[in-house]
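Peer 1: From TrEMBL, here are the annotated features:
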type	residues	note
BINDING	78, 79, 111, 112	Fe cation 1 binding site
BINDING	245, 246, 278, 279	Fe cation 2 binding site
REGION	1-20	region 'Disordered'
REPEAT	259-298	repeat 'HEAT'
């Protein structure tokens, strides 16, 4: 979102070189650094970029993240776009637009850039998003993401959206769609599941049901948690790869053991889209403390798909982090 009127605008030219940012940027942009180390540097920069109010490190952190878009790794670049969207800072917008406009870029990265513009609520990007949504030659995953981003920006800026009461979520992420609004009628898990799986409905509405089910599965000891996870898992049969990948992402947020069977099945399916398998791998990484999960992941270290192989490396590092008891998956303190 745009900075408030009272929040000072910080110009990069006015800032001295920050040694922490410089070191993290060097690691992130190094093609010789281990991928897991680069990811930890990225999430350190994400934390610094997302500070509210902005600090002298905010814009240099955004610039450092964007500097890695020259990498050949589609996995890393898609994560860069995600982190820029989560920063909440308009300074990230030009970088994200450039990724979407580059038709030579991997579709997974371009989809994530479109989703990030939606997360930032950038009305100035609506023309570009509509162009990509309506372009019959555009990749389906990009078209679908642009559709959701357009709906999210419209919802956020509408009077109806501003008036909605949303259930307090356990998750701090800026989601592609908000959960369904709190109403006098409390929607049951079967009702939410019907909306989730109804392919005649707009993706934005189905995503809202998805995130409502997510929130019914957290914390994991909620009576509704297992039923909500099971409902979400049925989304893996959806015809949209984008939709299936979002289910896997939600499972990564939840880290609920009940999601393991469906995640393993998704990762193990060689016919599944690589962007879905990669998300399933990283979700399993968040469950690294559970028996057998690391062994499953190690079985895909030599997968034919590069994005899956790289995701396994990151997932195993995440599993190590889960065992460590550290508070944040990053290389600098975020206390």
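Cβ coordinates come from backbone N, Cα and C, glycine included.
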Peer 1: What are the DSSP helix/strand/coil residue counts across the repeat 'HEAT' (259-298)?
Peer 2: 28 helix, 0 strand, 12 coil
Peer 1: Can you tell me how far the Cα of residue 79 (Fe cation 1 binding site) sits from the Cα of residue 245 (Fe cation 2 binding site), in Å?
Peer 2: 14
Peer 1: Using Cα coordinates, what distance in whole Å links residue 112 (Fe cation 1 binding site) and residue 278 (Fe cation 2 binding site)?
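Peer 2: That comes out at 14 Å between the alpha carbons.
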Peer 1: Please list, in sequence order, every residue of the chain apart from 78, 79, 111, 112 whose Cβ lies within 8 Å of the Cβ centroid of the Fe cation 1 site.
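Peer 2: The surrounding set, listed in chain order, is 77, 80, 81, 82, 108, 109, 113, 115.
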Peer 1: Let me make sure I understand the structure: which of the binding-site residues listed (245, 278) has the fewest other Cβ atoms within 10 A of its Cβ?
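Peer 2: Looking at the binding-site residues 245, 278, the Cβ with the fewest others within 10 Å is that of 245.
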Peer 1: With Cβ-Cβ distance below 8 Å and at least 6 positions apart along the chain, what are the contacts of residue 111 (Fe cation 1 binding site)? List them in sequence order.
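Peer 2: Residue 111 (Fe cation 1 binding site) has long-range Cβ partners 78, 139, 141, 142, 144, 145, 242, 275.
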Peer 1: So for residue 79 (Fe cation 1 binding site), how many other CB atoms are inside 10 Å of its CB?
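Peer 2: For residue 79 (Fe cation 1 binding site), the count of other Cβ atoms within 10 Å is 22.
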Peer 1: Which residues, in sequence order, are found in the same chain with Cβ within 8 Å of the centroid defined by the Cβ atoms of 245, 246, 278, 279 at the Fe cation 2 site, excluding those residues themselves?
Peer 2: 244, 247, 248, 249, 275, 276, 280
Peer 1: Within its own chain, what residues at least 6 apart in sequence put their Cβ under 8 Å from the Cβ of residue 246 (Fe cation 2 binding site), listed in sequence order?
Peer 2: 176, 207, 210
Peer 1: Which number gives the other C-beta atoms within 10 angstroms of the C-beta of residue 112 (Fe cation 1 binding site), all protein chains shown included?
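Peer 2: A count of 27.
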Peer 1: What number of additional C-beta atoms lies within 10 angstroms of the C-beta atom of residue 78 (Fe cation 1 binding site)?
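Peer 2: I count 26 other Cβ atoms within 10 Å of it.
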